[in-house]
Structure formats: structure tokens, C-alpha cells
Amino acid sequence: MNNKKIAIIGVGNMGGAIAIGLVKSGFVPASDISVSDRKESTLAKLAELGVSTFTDNLEAAKKAEVVIVAVKPYHIEGVLKEIKGALSAEKILISIVSGVGMNELAEMAGTDIPIFRVMPNTAIALRESLTCISANGNTAPHKDFVVEMFNNMGKTVEIPEELMAAATVLSSCGIAYALRYIRAAMQGGIEIGFGAEMAQFITAQTVKGATELLLQSGHHPEREIDKVTTPMGVTITGLNEMEHKGFSASLIQGVLASYKKIAPTK
Ligand SMILES: NC(=O)C1=CN([C@@H]2O[C@H](COP(=O)(O)OP(=O)(O)OC[C@H]3O[C@@H](n4cnc5c(N)ncnc54)[C@H](OP(=O)(O)O)[C@@H]3O)[C@@H](O)[C@H]2O)C=CC1
Ligand SMILES: O=C(O)[C@@H]1CCC=N1
């Protein structure tokens, strides 16, 4: 176990998921984790994990050597103003806030503060996140710690900050895109005979299997698709119909639209 104390400021969907994943991982004891939010009801649920809860962000940040900010982009400036007094060159600031760059964070938090931008997804609660990590110039002594922390909650990749917007789209938004595929496939499954619950189980486990086929072999998806498509068969008939209706094109355009939203100048 590590002996650094960790504070999470803002424990909604993502901050809460990180708190849950962190406790499950055992990377630090729950008693070394502080969470802060303005909603008592949110804090009450997380208190059951054994973490300390705060409505005062500064108090929570003072207790920790690692401060993770997980508020909406339009709240980050106010929060960093509040906790600035608790940050120092010896501590670590981690922002999961999408669309707020390293320079802006340094301007708000202080240029001597070691800052990491980290982009996880909500599967972090199950320790199955894909988390992208980029760091500013002051972080060298802390990088192994931060990478190890997020490796305990899934897989990590280190990326240059320029790719952070793309990482947000592919990994963080990606959870929602994948779930929409599952929902649509389920709806088809119900129309051809399954009850909703069974359709969901069959689809979700099938997607998990498809994912493992790629992760365990490193194969290109088409190589595995070729193994399923009998000439003149059922699969290719369905796949071609999906493509005629714009399946791949709509996904690619959706990814690009999300990217345009987060990186509008590109
Ligand atoms: N959701 C996702 O999948 C991902 C989100 N992100 C990023 O994570 C950040 C958080 O997103 P998400 O978790 O979805 O948002 P949520 O709104 O679910 O969570 C933010 C939490 O912070 C609270 N909060 C707001 N202001 C303060 C404050 N001043 N002090 C303390 N707590 C405060 C909010 O309370 P209240 O509800 O009252 O506003 C809420 O509980 C965003 O910047 C987003 O871009 C990154 C990757 C994935
Ligand atoms: O939708 C959003 O804007 C945020 C960024 C990544 C996931 N949720």
C-alpha cells in the first residue's frame, strides 16, 4: 500500500467512480482518501466506503498529498482558487476536467505545482478504465506514482497533451458510444424474439467476448470479422445492410463531431 493521502474534489459521476475504484483497488487505505462535494447526499453514499467526507474543499485538499479535481469545466476556476493555499511544489495536482489545458491549470493553480491531466472513463469504478495521462514539466518524481495509481484502476497510456482532446472522445465518450451499440443491438434482438433482459445479457457478454478477441490477440477487427462471415451467409448480409445504412460512417462522423466540440479550433 502507498502512504500518500488522496483528496478528490467533486465526486459526481467521475469523481465518485474514481473513489469507488480506488477503494476497491486497495492502492491506498480508504481512511487515506478524502472526498469533497457541495452535496451532502452524494457524500453520504461515499462515506459508506470508509472515506472521509468534506463540504469544505480546502480542508479536504489540506489533508492530502495528491489532489484530484473532478468538477465540471465551468467550476474548475472557482475550485482551484479555493484550494490554492493547500497546493505546493511537493504535492500533486491531477485534473480530470475535460477541455481545460495544462497552461490554464498552471495559471490557476501556480506554475510550480506538479500537474497531471488524466482522462479516465466511468469503468474506473470497476477498475476497467482506459486512462490517458499527460504531465507538465514539474512532475518527473511523481510520474511513477500517478501511473501506478491509475494502473490499479484499469489500463493507462501516457500521451502528449495535444492528444488529450482526442483521448477524451475515444476513451471517455467511448463508453457511451459502445453502450449505444449495445442498446441498438438489444432492440434488434427483442424484435427477433428475446426478452429485454436476455437480449441485454447476450449482447453485453458478446461485446465483452469481441473485445477480448482483440485485446488478447492484438488482431485487427477485420481479421476476427473474417472468421465470422460465411460466404453468402447471415453475418455478411447483416453487416452489409448496416454499412448501406451508414453504420461505420455515422460512428466516424460522431467521433469527429465530439472532437470538434472539445477542440473547436482544429
Ligand atoms: N462523466 C464522465 O464520463 C467523464 C467526465 N470527465 C470530466 O470530469 C469532470 C466531472 O464530470 P462528471 O463527474 O460527469 O460531473 P458531475 O456533475 O457528475 O460531478 C461533479 C461534482 O462536483 C460537484 N461540484 C460542483 N461544484 C463544486 C464545488 N465548487 N465544490 C465541490 N464540488 C462541486 C457537483 O455538484 P453539483 O451536482 O451540485 O454541481 C458534482 O457532484 C468534468 O470536468 C468532465 O469533463 C472526464 C472523463 C469522463
Ligand atoms: O460529455 C462530456 O463533455 C464529458 C467529457 C467526457 C465525458 N463526459
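Positions of Cβ are set from backbone N, Cα and C atoms, glycine also.
Taken from TrEMBL, the feature NADP(+) binding site covers ILE9, GLY10, VAL11, GLY12, ASN13, MET14, ALA70, VAL71, LYS72, PRO73. With a 10 A radius on its CB, VAL11 (NADP(+) binding site) counts 25 other CB atoms from all the protein chains. Following the DSSP three-state reduction, the secondary structure of VAL11 (NADP(+) binding site) is coil.
Under a cutoff of 8 A between CB atoms, and with a sequence separation of 6+ in the same chain, the neighbours of ASN57 (NADPH binding site) are ILE9, SER36, VAL79, GLU82, ILE83. Mapped onto three states, the DSSP output places ASN57 (NADPH binding site) in helix. The NADPH binding site annotation in TrEMBL covers ASN57.
Residue counts for the domain 'Pyrroline-5-carboxylate reductase catalytic N-terminal' (5-98) under DSSP (helix as H, G, I; strand as E, B; rest coil) come to 44 helix, 19 strand, 31 coil. Look at TrEMBL and you will find 5-98 tagged as domain 'Pyrroline-5-carboxylate reductase catalytic N-terminal'.
Residues annotated as domain 'Pyrroline-5-carboxylate reductase dimerisation' in TrEMBL: 161-262.
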